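Summarising the annotation, TrEMBL assigns domain 'Flagellar basal body rod protein N-terminal' to 10-37. What TrEMBL records for 97-302, 329-431 is domain 'Flagellar hook-associated protein FlgK helical'. The annotation domain 'Flagellar basal-body/hook protein C-terminal' is assigned in TrEMBL to 566-609.
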Amino acid sequence: MPSTFFGLSIGNSGLYASQAGLNTTAHNIANIETEGFSRQVAKQQAGTALRVNSSYGMVGTGVDIKGVSQIRDEYYDLKFMKNNTMYGAYTTKEYYLTSIENYFNEVKLEGFLTNFDNMYNSLQELSKQPEDLTVRTQVTNMAQSTCDYVNSLSTSLGRLQEECNFEIKNQVERVNSLAQQVAIVTKQINTIEVNGGTANDLRDQRALMVEELSGFATVSVSERIVGDDVGVTSYTVKLDGQTLVDTYEASQLKVVPRDTKVNQLDANGLFNVCWSNGQPVDLNSPTMGGTLKALLQVRDGNNKEGYQGKVTASAGDTTITVTSTNKNNVEDLNIATNGIITIGNREYHYNGFAVTKDDTTGEFIYEFSLDEEIKVDVNEETAHIGKQIDYKGIPYYMAQLNKFARTYGKAFNDVHKSGQDLNGEQGLDFFNGVDVVTGKNFIFDKSPSDEGNGYLFTSKTGAYAGDYVDEPNFASYYFLTADTFEVTKAVYTDPKKLAAASSIENGVANADIIEKLLALKDDVRMFGQGKPAQFFQTLVAEIGIDAKQAGNFAENQKNILSAVQNQRLSISGVDQEEEAMGLVRYQKAYNLSAKVISVMDQIYDRLINYMGA
């Protein structure tokens, strides 16, 4: 049979329950603007009824508070992280592609087209008065302005690549920091919950950090109870399938600068990302996403046009021959003069390479000199330099600039060298590159497309087989790159060396070579896109399309992410009006419980003080 004062106990339980509800509601209201906070509720449950020896059998004992729980929906949490990964990738691509587009957009203002037209306008004037040194100087100046524009594009892309590289380092450091914090918070959560508590706010903090991680890369989360439901859980965060956090332990990523380049115009010291134990992290994995993959694609993207071919070699060889490559013309060859070549799954450092051309097939045959011996026999094994990254990133656009400089420069030089200057000497190369060691211009003595068997240049000296071995300034157009593209110094400083006529025997007023140079402007066979100007216009349009597409995807993903967040907030978010109603509801419940105690007090007063009178 219940105590005589049982009613007071019931009323008291109501007071405590209402107080707990008020406190929880106050906590929700206080955190209404807190990022990542989830609405909490006090879980009430009727107290265990007592059996009594009476006709009604059982009697209630009031209310119990079973705990304070947070309201979250795992489905929307996972959906948010997945979309946040995609949003991070698209916004990163949009930013960098827009930057590239801004560099090339000068084509519409005072960039390539303006300089290119100015150069040809000056050539047109020279055709009228080829002996005029002032007009000749104007031609070389306008030509150099065109070169300067190509140089500036190359420099801008190089700086953007360095910015991408630096951002990869920053984000790797942030991932490491978040991983450590998740491990620390997980330990705090288990410490609290093993004693029967519920660490709701710490769980919110952890979830917020994991959501930030999902913007950097593809992450997955799993939590399971350890032991006999004693409040300890195992919490695992995986980054693209690899464990980043295992409950209290956080793995760390690190960036390792490359000792060599993949492409000729790559910035120095580009980072590879790996785990602290040295295992590489494949940021280009098909299942990887987020800003880290987007940064890699922008920094290293080559539109799957990276160097690759087939190798047959024996163990112990230090020289390998690569055939059946995808690079059979110099204009498209952009591998570094020394670097890493991967054969099968093994990496070898090469210190130089030589190129021959098969007259029958037109195929380029490459011979690489290695720093170490081949480990095992290989037969028709695939060899590649760098990775095939299916994205038009900075290396792709640098390669296009190289292609323009080489293709147009060679066509212009071939015509110019067929003429004579004002001194009656054979014309020099008009467009050139610069040897980074000597600072001298090259002499493009032989043409890659015209040579047959035995055509050869080496990446070490630039010389051809058997020719000019002691004259490293004789070189292939491989050595002409967008960053050093210029008018040959000898021509630029002495306008008399500009060749305007095929021969000055008929007088210096002859300008047949200038007429041929003028015709190059409308040569639709020079590039696959048509005329030289159309090559640049197509490139600009290509960048614009890619940037626009990235912007559209980013905007669409932003809308999707916002919709998912709104759905999530409708469940776990704090609603101001709902909490205000809760305050009133708990206040009334509290008052009623207090009234119960007051009534019981009056009853007990009558019972104790007056019943015995």
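Cβ coordinates are placed from backbone N, Cα and C, and glycine is handled just like the others.
All TrEMBL annotations are machine predictions without curation.
Among 10-37, 97-302, 566-609, 97-302 has the largest number of CB pairs under 8 A with the domain 'Flagellar hook-associated protein FlgK helical' (329-431). Taken together, the residues in the domain 'Flagellar basal-body/hook protein C-terminal' (566-609) have a mean pLDDT of 87 on the 0 to 100 scale. Same-chain neighbours of the domain 'Flagellar basal-body/hook protein C-terminal' (566-609): 4-5, 7-8, 10-12, 14-15, 17-19, 21-22, 25-26, 28-29, 31-32, 37-39, 70-73, 76-77, 80, counting only residues six or more beyond its ends whose CB sits under 8 Å from a CB of the stretch. The residues of the domain 'Flagellar hook-associated protein FlgK helical' (329-431), classed with DSSP into helix (H, G, I), strand (E, B) and coil, number 26 helix, 36 strand, 41 coil.
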